[in-house]
Amino acid sequence: MNDMRAVERDVDTNDLKITARGVDVFYGDTHAIKDVDVDIVDNTVTAFIGPSGCGKSTFLRCLNRMNDTIDVARVEGSIMLDGEDIYDPKVDPVQLRAKVGMVFQKPNPFPKSIYDNVAYGPRIHGLAKDKAALDEIVEKSLRRAALWDEAKDRLDQPGTGLSGGQQQRLCIARAVATNPEVLLMDEPCSALDPIATAQIEELIDELRSRYSVVIVTHSMQQAARVSQKTAFFHLGELVEFGETGHIFTNPSDPRTESYITGRIG
Amino acid sequence: MSDATAPSPTAPTSSLLKQDDRTRRRNRAETRFRAYGMAAVIVGILALVLLLTSILSNGLSSFRQTFITFPVTLAEERLDPQGNRNPEEMARVTTFGYAPLLGQSFVEHVQSMGIETDLGPREMAAMISDEAPGQLRAMVLANPDIVGETITLELLAGGRIDGFFKGRVTMASAERDNNVSPEQLLLAEALREQGVMDTRFNWDFITAPDASGQRPEAAGLGVAILGSFYMMIVVLVLALPIGVAASIYLEEFAPKNRFTDLIEVNISNLAAVPSIVFGILGLAIFINFAGLPQSAPIVGGLVLTLMTLPTIIIATRASLRAVPPSIRSAALGLGASKMQSVFHHVLPLAAPGILTGTIIGLAQALGETAPLLLIGMVAFVREYPSAPPDGFFDPASALPVQVYNWTQRSDPAFVERASGAIIVLLVFLIFMNAVAILLRRRFERRW
Ligand SMILES: Nc1ncnc2c1ncn2[C@@H]1O[C@H](COP(=O)(O)OP(=O)(O)OP(=O)(O)O)[C@@H](O)[C@H]1O
Ligand SMILES: [Mg+2]
């Protein structure tokens, strides 16, 4: 289904996939995100870095309207996906989330079999015509999340029975299976060993050819390795946003420099 | 603190081999607490054992009944004066026509066995249950061709004779009793030795309808069990979907505001409302206003539904709340709608809790008496309600009401029967709880 558009996208890369302007998020009286402008370019990996509690997850959740599910959360400003305001009253967040997939900070597999975990998204979105097609999606997704070898003999066993790192990769496979246009990943590698981390980074790099990926990470090395753009958040503000190489070698804000050299955070 | 000479171990600041005061005090406190806990458990178990032994020792005998077996000659001139075996005409002969037949056959049988007794024919016939002529009449009307034959029948013995074999009636008590004489007991004893009378398991206690206060030996639980069963169906069919739907809406969909807070508080309060209040409500609404029939399982079921709803709603909401929110986020994050997230993921996880809550609610409803008294379920009903759905509107009794009813009757034989009914009620409750546990196991194993 994406073939046509994939070709199209290859032609005009550097298209803006998401543009956020003047975004403010409040949790009750807490002002968690303060007037943030970010552009997410298509077919790139954008990294969000910043000290704990600075609002990276909060901002990420704005991009697929997961903040709607938090009663006290209030989002202001405008966020456009492909030029359409995703907070427009006419937009159904359910439809939006099929386009903008998400991997959560804490692994949260369904207490169902590994197979059903991965197959759930394709099933509800009708992505597979028959069982064989579904099998294929499941295998492909698990392979991409570097979980296939460990999981192929136990597809019917509960996903909750996997180790923490395996669960996180299962969640990645699950998100990839629905074929989103944008993939939001909240610290996808925080529970992974270096080998699995390398595999996920490889996956992210591969995904970039078709999707835009936004990744939250606490690892400067990871941000430097996988991303082309980096946004540095501090206390709810977007301090600096630009080319990853630029941010890491020549930050313009002293706070950015202190953070990446390990003095804040 | 200690010498730092290299190879030898440092002297401990305090010895681990000796308990200090604080540790000893804490250990003593723990030992005391364990003792209290154990005492509490023992008290609970003792109370339970006491309750069960008293009920079992009183009630187990009600499942056994004394029968008299003897040949009965079904004289044609008495039962079918026209001689055409037409059940409609034969129905004109009432039970009063059958009673002498039974008495006569019984006396003849006793004489033929050569048993000596001072009793006159009337007193001998009085040993047969008053229920027997009616049973024989029903049998003859159902099958008129047996008229004229002599058939061997097993008929209920009177309640006092039955009590004698169960140890409730003694020679001494018979002296003072207008309903039985020591001579009758002697004859009964002799008949038992001859094998004419025996006490055996009696299905009729479970299947037969209630009987009047003079015939405890014939009273059964059939109508009460059916009535309770019908009410449970009504409760299950109404309370489970309504309760679960309400809980899902309140927990997952409703906005959290003053109004839903108010509803929440009121549901909790509703669970604490005395059940008799629901009875009054049922009387006013379902019978006086809606005009539904009295003593009908549908009304009982509706009242019990009102009572059970808060229990189910509270249990369902608690188990919905226990499902980790990350599961909901996971589903929503994949582009599932709220309803899909609830029905595909949350509800299956909450199902064991919902089931347990529902069955506990049903068990409560099954044992509830007070509201049923108000809506007339206490009436004396001898007709079985017909099959559903019509049966829901027929008069019926209910198990706990039957217990209450029997304890109100003067004949001591009903004490035994009330305890027996309690045993049946307990068996149903244990069965329901076992089902709850089984279902829970099965559902939990799937995840
Ligand atoms: N559901 C919520 N309700 C109220 N406040 C919240 C909620 N979620 C986050 N916050 C607050 O918003 C701020 C930003 O939180 P957020 O989770 O976005 O931080 P983060 O940058 O992702 O941190 P970390 O790196 O530790 O994950 C914090 O001060 C946090 O306390
Ligand atoms: Mg976070």
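Residue 1 is the first one shown; counting continues down the chain.
The backbone N, Cα and C atoms fix where each Cβ goes, and this holds for glycine too.
Residues or ranges marked as compositional bias 'Low complexity' by TrEMBL: B:1-15. Summarising the annotation, TrEMBL assigns domain 'ABC transmembrane type-1' to B:225-436. According to TrEMBL, the region 'Disordered' annotation covers B:1-25. Feature annotation from TrEMBL assigns transmembrane segment to B:33-56, B:229-250, B:270-292, B:298-320, B:341-363, B:418-439.
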Can you work out whether the transmembrane segment (B:298-320) touches the transmembrane segment (B:229-250), with the criterion being 3+ CB pairs under 8 Å where the paired residues are 6 or more apart along the chain? yes
Report, as numbers and ranges, which residues of the same chain sit near the transmembrane segment (B:270-292): CB under 8 Å and 6 or more residues beyond its ends. 298-300, 302-304, 306-307, 309-311, 314, 368, 370-376, 393
Counting only residues at least 6 beyond its ends, the same-chain positions whose CB falls under 8 A of a CB in the transmembrane segment (B:229-250) are 260, 263-264, 297-298, 300-302, 304-305, 308-309, 312-313, 316-317, 320, 342, 347, 354, 358, 361-362, 365-366, 385, 388, 391-392, 396, 398
Would you mind listing the long-range same-chain contacts of the transmembrane segment (B:418-439), meaning Cβ under 8 Å and 6+ residues beyond its ends? 55-56, 58-63, 205-206, 221, 224-225, 228, 352, 355-356, 359-360, 362-363, 366-367, 399-400, 402-403, 406-407
